[in-house]
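A quick write-up on the structure given underneath.
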Amino acid sequence: MASPPPSTAPARLVVLVSGSGTNLQALLDAIGDDPEGFGAQIVAVGADRSGIAGLERAERAGLPTFVCRVKDHATREEWDAALAAATAGYRPDLVVSAGFMKIVGKEFLARFGGRFINTHPALLPSFPGAHGVRDALAYGVKVTGCTVHFVDDGVDTGPIIAQGVVEVTEEDTAEGEAALHERIKEIERKLLVEAVGRLARDGYRIEGRKVHLGHVGE
Ligand code: GAR
């Protein structure tokens, strides 16, 4: 699967958030007032809940936002279709799950498969799911980190775009999950910005599990 050939217009990004939105902020800061230079612009921010800092960041940046809550829909499938429709309304080239704590369904993947990326706070395929940092700590790993990957129909199983490594030290106790997560997020924000920028500027190919940046059409 290949992305469309890079055009001169910046790629359109919809970013999905559930929480503090510091990864969204890193993208906003990197794009700044030069979307052409970065190769992408954020056209909307979506969330699965209201009243979160991530949405406030979007509003401060003057971006349109939308909220699509599971509990407002009769079934998970209906929620998924509504999220897909709301996202599609902004005609994104790429959709970025930046701390979006929901698993999307068939409809969303049918529309955005191959251009939907996620950032996860562990070195996949180890420690997928909602508690990557806690699970890695509990396992006693010596290194952990973060993974930017395409989303497929599994939980954090899609092709890997980029990974960053963080050492786990003796000071990282089970109670220190938040501190370790913060160290991971420092690396993660840079990794996400670099990965999104390269996907947008250089194009990419997905061959099986391998993601090739650039060289579209080769
Ligand atoms: C990030 O560390 C991201 O990897 C994680 O939530 C955090 C969001 O931070 N996502 C997951 O755990 C998904 N399984 P942010 O709201 O400050 O960007």
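Including glycine, each Cβ sits where the backbone N, Cα and C put it.
What TrEMBL says about this one:
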- HIS120: active site, proton donor (ACT_SITE)
- GLY21, THR22, ASN23: N(1)-(5-phospho-beta-D-ribosyl)glycinamide binding site (BINDING)
- ARG76, MET101, LYS102, ILE103, VAL104, ASN118: (6R)-10-formyltetrahydrofolate binding site (BINDING)
- 12-196: domain 'Formyl transferase N-terminal' (DOMAIN)
- ASP156: site 'Raises pKa of active site His' (SITE)
Pairwise CA distance, LYS102 ((6R)-10-formyltetrahydrofolate binding site) versus ASP156 (site 'Raises pKa of active site His'), rounded so that it is a whole Å: 11
Per-residue Cβ crowding (10 Å cut-off), top of binding-site residues THR22, ASN23, ASN118: ASN23
Surrounding CB atoms that lie within 10 Å of the CB of VAL104 ((6R)-10-formyltetrahydrofolate binding site), all protein chains: 24
Fewest Cβ neighbours within 10 Å, where candidates are the recorded positions ARG76, LYS102, HIS120: ARG76
In the chain carrying ASP156 (site 'Raises pKa of active site His'), residues 6 or more apart in sequence that have Cβ under 8 angstroms from it: ASN118, HIS120, LEU124, PRO125, PRO128, GLY129, GLY132, THR147, HIS149
Recorded positions close to ligand 1 - of ARG76, ILE103, ASN118, HIS120, only those whose C-beta is under 6 Å away: HIS120
DSSP three-state assignment (helix, strand or coil) for ARG76 ((6R)-10-formyltetrahydrofolate binding site): helix
Same chain, 6+ residues apart, C-beta under 8 Å of the C-beta of GLY21 (N(1)-(5-phospho-beta-D-ribosyl)glycinamide binding site), given in sequence order: VAL45, ILE52, ALA53, GLY54, LEU55, GLU56, ARG57, ALA58, ALA98, GLY99
Protein Cβ atoms within 10 Å of ILE103 ((6R)-10-formyltetrahydrofolate binding site), excluding its own: 16
